[in-house]
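For 1-21, the entry in TrEMBL reads signal peptide. The annotation domain 'Manganese/iron superoxide dismutase N-terminal' is assigned in TrEMBL to 37-120. Here TrEMBL flags His61, His112, Asp199, His203 as Mn(2+) binding site. Per TrEMBL, the feature domain 'Manganese/iron superoxide dismutase C-terminal' maps to 128-230.
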Amino acid sequence: MRRSLLALTILAFSISTPALAQTTASAPTGAQQQAAFTLAPLPYAYEALSPVIDVETMRIHHGRHHQAYVNALNTAVAATPALQGKSLEAILAEVSRHPAVVRNNAGGHYNHTLFWTLMAAPGQGGAPSAKLLAQIDKDFGSLDAFKKAFETAGLQRFGSGWAWLIWSEGKLRVVSTPNQDNPLMDDAPVKGAPILANDVWEHAYYLQYQNNRGAYLSGWWQVVNWNKANALFDAAAR
C-alpha cells in the first residue's frame, strides 16, 4: 500500500463532519481534567434513516452503546499512562500491546464514529463514483456481486461484528471482523483502509428486524452515504 494506514485513517476522519473529526482529539496534558475522547453528535437527526433504521434504534445505538464505548475507553486511558496523549488511530495501530478493554472500546469508538458518517437519509447519499464503480467492477465483477459479497460477510459473521469494504494491497476486498475489531488494528488478519462498514451487532438492528439480519443488511444500501465512501476510496487509492 502506497500510503500508511495510519495516514489514511487520519485523512478519513478529517473529511468527516467537523464534529466527528473532533472525536480523535489528543488527551489533555497534566491532570486529566477532561475526557480524552468524546461522543460527537450525529451528522443527521435520529429519525433521518427511517424507515430503514428506526429512530429508537438510533437513539439507543448512538446515545447509549457508543457512549458506553467512549466512557470505557476514557477510563482505560486515564489508568494507562502509555495511552495518554495518543490519538485513537495510534492506539489502534498498537492495540495488540494493550489489554482487551482497550481493544474493545477503542475499536468500538472508531468503528461507530466511522459508521455514522457512512450513512445518510434515503436518497441523500449519492452513488458510487465512476472511479469507485470501475474498481468494484474490476474486483468483484459488478456492483450487485459486490453487494452480495458484502451482505454475505455480514450474514455469516457468527455472533457480533462488522462487515467491511477495504482497500488492501491495491484492490478492494470484503472482510468481516469479530466484536469491535477492525482492519486498522496491528494484528488484523487482513489490514486495509476502510471504505464501507456495517455494524452487525444485534443492537444495530434487533428492535426493527429482530433476528432477520439479512433484511437489515439488504435494506442498508438505501442509507449508504456513497459520497463519503467515494472520498475514502479516493484518499486510499491515490
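Every residue, even glycine, has its Cβ placed from backbone N, Cα and C.
In TrEMBL, annotation is done automatically, which means it is predicted and not curated.
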Same chain, not part of His61, His112, Asp199, His203: whose C-beta falls within 8 angstroms of the C-beta centre of the Mn(2+) site? Give them in sequence order.
His62, His65, His66, Phe115, Trp201, Ala204
Looking only at Cβ atoms, how many others are within 10 Å of the one on His61 (Mn(2+) binding site)?
23
Asp199 (Mn(2+) binding site): tally of other CB atoms within 10 A of its CB:
23
Binding-site residues compared (His112, His203) - the one with the fewest other Cβ atoms within 10 Å:
His203
